[in-house]
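**Q** Let me give you the structure first, and then I'll get to my questions.
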């Protein structure tokens, strides 16, 4: 979009939201001022700013402006505002990472020391539009040269399918050039590229003129010349690479391949020259956080997520790194020094002198092609500049080749174009992965494996929570495999497994188990005993049994999985850690907390050895340990573990990711049990906001969150509010499960409890009976959870002083619990105390004492002296002893 579409108000921007509205460049200019039209001609502003930067937004509403700023994660923001409005908006946004530079435009000449002293991102205060535009242009040129993102790879780690985010991103960029080489580069590809550029810059006269020149005059040999202009093509390519914009990169494939071939042509001139050692430099300013990450990865591989521009002149690069800027507090001056023996260069490494093509020949620029890989050799820290010495490396290509071979060995020969799209999914880029595979599916000119493409579209949809649509694509993939000649039985195992996962999530455990077992049978037929896919099936079957509370069977399957893992891999392996974690979860459900903790800590220890700088799997272990501590009521320790998990997750996932929501939920649960209700409520509301974005049509996780908010309101004795949230949860469940589901029992019971407190006994009894009816449908007779329904119905009658009827239901609950827990359990004490209360209210004090004593005996076996329930029972016994 150009000036006619890109320069608009936020109100316009949000009313029509299409893919073409996205900023395809690296900088967004936002001008916030409710009086924007009173002092300056808006049309003139549009034209002037649009020639400097294509994407300009005018904002007049304070809250909408802040919301829009917070929604931007892929660009740097230049914020323009007045002196008066700066005091209103800067306290809310100045610290956000996306805000790069702030400009104050004022009709008054006075310098404002308060603003300049308190907001380090302010570049200056301007009273003249031309001066403002000149400074913005200079700042854009500076930022354009500074924007650089990196991927890292630990070449010493053992390769697995499950890589860290950095390693996944690294391999994705290593594969990108290969994928490009397989795509068509004909006249149609050129026209597609030109059309998308025209559409985007429509109305921007300056860029449109250049696009027309490109259309008329461009030849493949001119790619370096056009890239060096730093105009539309330079901006679009670098932003698309940095953000992994697959759709745009596909449209730009024609030019990117030409550019690589141009670089290769010029690279050969260096090879045939007399030069023996390459010395080039890059000056840049990085945030302290980015520099710290580079320090953490010293000795490892690093690649830039795009082309890498350097200079033969150390003085030029050094001066650029140390160039004075208004912003110094949070930036570190960096000088990259790259040295390489040209005579031993690898064929996969490409770089070239491009000063003859550049508008800035004095820079003596050397440009490195995509996927160039370096090794960080040393970091020399000085007061004014940090010197990072790197060497060129071909290890990136070797590691990528090994990774491809590993994946193809683990799967049915999955080709590279499929692996490339799967990596996008592994990076959490589910939309991009889906679009990529849909594009492959539509590309009839290539001999692609449609079954695996449909399978991977299903995986992307599954990760987005669109289970029904995911199931459709899995079914397409399975049908296609079965209709092949011969049928692709071996490959179908993964599809069956994933269908089982959807059924598992839908609570259809018996159906899920059937699919998992079918998958396992195929894998055992086609693969050796020690194969990763056998482990996956065993673990999934174990998880089903765990959800069905068949813990002994679940434990057996997970121990089988662990045994195979330890044969396939060394003891120190990420997959071994995963199996240990699963066993820990089962033991926790069996309330064998010390054993569970031991398994989860073993898992964490392995992960800490393998991933010294963090991995998402470590977050799961922290979370599992936190959950055990939570169950043990060690809330302070649990809180610390959940916080450590969150810290890792926030590095790996975007803030709106489902796993982050789960972790925030756990922190909220801890705070609730610490009676910090307002803090807990804040966390659960954050969770709700994330989930409602992810699942606009409702989801079981939203049900849990409504229930958690309801629980907090219940604890605050705001029963009407609690009832509202429980009813919202029930409404979603009834939509998700129109023919009934065991999970509805919990909400029927919660609503019943509130109605009972409010004295609406008949309504409460109705909800309890609905809960009991579902339990009779889904559970075998005498299932332990039925004890809760008997207890709740007993409570209704107790509150109405119908002690005989209450006693009957409490005794039914006790009978079930004693049968289910023959060696005793704290849940039994609830029934014993309830029966004791009935007898006490009937003035049968000896019987009451007998039941209280039985409860105390169990408390003494399972709970510490300071436990509040135990103390309450001791108090009842003490009080009745003198009366009986």
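First residue shown is number 1, and so on along the chain.
Placed from the backbone N, Cα and C atoms, the Cβ positions cover glycine too.
Annotation source TrEMBL lists compositional bias 'Basic and acidic residues' at 10-21. Look at TrEMBL and you will find 221-384 tagged as domain 'ADP ribosyltransferase'. Summarising the annotation, TrEMBL assigns region 'Disordered' to 1-21. The annotation repeat 'TPR' is assigned in TrEMBL to 493-526, 535-568, 577-610, 619-652, 703-736, 745-778, 787-820, 829-862.
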**Q** Mind checking which residues of the chain, 6+ beyond the ends of the repeat 'TPR' (787-820), have their Cβ under 8 Å from one of its Cβ atoms?
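**A** Same-chain contacts beyond the ends: 745, 749, 752-753, 756, 761, 764-765, 768-769, 771-772, 775, 827-828, 830-832, 834-835, 837-839, 841-842.
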**Q** Within the repeat 'TPR' (619-652), what mean pLDDT does the predicted structure show?
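**A** Taking every residue in the repeat 'TPR' (619-652) and averaging pLDDT yields 93.
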**Q** In the same chain, which residue numbers or ranges, 6 or more beyond the ends of the repeat 'TPR' (703-736), come under 8 angstroms Cβ to Cβ?
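**A** Beyond its ends, the repeat 'TPR' (703-736) has Cβ neighbours at 665, 668-669, 672, 675, 677, 680-681, 684-685, 687-688, 691, 743-744, 746-748, 750-751, 753-755, 757-758.
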**Q** For the repeat 'TPR' (829-862), find every same-chain residue at least 6 residues outside the stretch whose CB is under 8 Å from a CB in it, and list them.
**A** 787, 791, 794-795, 798, 801, 803, 806-807, 810-811, 813-814, 817, 869-870, 873-874, 876-877, 880-881, 883-884
